[in-house]
Amino acid sequence: VGGSSSTYASPHSGEVERRSASVFSSGSRSLYHERSGLDAGERSRVEAERRQLEAQAEAAMAMQRKIMQRVEAERQQWMEEKDALTKELSGQREAMLAVQRESRQLQLEGKKLTSELGEAKAESKRLKAERESLMEQLRSPGSADSDDALALQQDLEGQLEQSREHARVVSRKMTKAHKQQQNLLDQFQAEIELLADKVDQLEDECCQTEQDKLRVEEELRETEESCLEMRRELDRQAARQYIQPVGMQELLDQLEMANQVKDTLCNEIAVRNEELATAKLEHVQVQADLEEMSHRLRRAEEKRQRYLMMSRLFTLQSPSTSVQIADWTLTGSHPIYIQVKFNGAGIIPT
């Protein structure tokens, strides 16, 4: 038992020394890994910031493009509406000019009819004056000229009736033309007011469009400034990466070395765990063997005590038997199992 325990203790002590050496080396490596880990963390933070700035710049540019497309579409739509309203306004103006020309023509016709009416009235007055003169002549004596005067009177009455009829026709035409002209003037006045309202609305929309355009231009300018700032930040990050390539490579080498050391330590820890499990199993087996040996020793001791007691009894009856038992006891080559029975001849060992 002592030899087996000594052979078991020697590899255990070597294992303790190797573990202490590995703990010392792992402590020195942990400091190195911690320093390299900090550098790697700084590098990852800078890389994350750079990616975030690039994403923000891309988002700002996409937003800028969308805003410009929306503004351009709205501007195109407003220009089309403006062109349509301008065409409608020009058409209304042409129609109004045509109505004005027609109104002037009607005014000229009215003036002409008015002059004709004045001429007719003047002719009627002249005819009335001639009629009165002829009536005066008829009242005066002279039958020779009575027939001529009567014929002249009838002729003058016919001309007077024609003049009156012509004056009534001209009056009806003037009234009709005046009503038509007034209706056209009222209609075009309403259309002019409607067009004026549309022009005001269009001007308001143009003002709102200009305000929206100024606001979008301001947002675009701010977006461009932010993009420039992000671009400058990216340039600074690129300059820093360009200035420190050796340090980055060294950090990458240290990171790779740390990963290799980590893998080696993990493999060594796995091997040590397996050896520890094997040592624990061997220890359990040795403990079981020790318990079994101690149990056998106790049993042998108990049998030896019983055998001594029996040898004393044999000594009292047979000296030769006691000597033989004493030799067996002193040799101790193997345990002696003796069965004793008492009969008439004495004690007989078997």
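Indices start at 1 and increase along the chain as displayed.
Glycine residues also receive a Cβ, built from the backbone N, Cα and C atoms like all the rest.
Note that TrEMBL annotation is computational and uncurated.
Quantities reported herein were computed from a predicted structural model and do not represent experimental measurements.
Per TrEMBL, the features are as follows:
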- 1-10: compositional bias 'Polar residues' (COMPBIAS)
- 1-52: region 'Disordered' (REGION)
- 21-30: compositional bias 'Low complexity' (COMPBIAS)
- 31-52: compositional bias 'Basic and acidic residues' (COMPBIAS)
- 117-134: compositional bias 'Basic and acidic residues' (COMPBIAS)
- 117-147: region 'Disordered' (REGION)
- 178-310: coiled coil (COILED)
Non-local residues, at least 6 beyond the ends, that sit with Cβ under 8 Å of the compositional bias 'Basic and acidic residues' (117-134): 149, 152-153, 156-157, 159-160, 163-164, 166-167, 170-171, 174
Stretch-averaged pLDDT - the coiled coil (178-310): 83
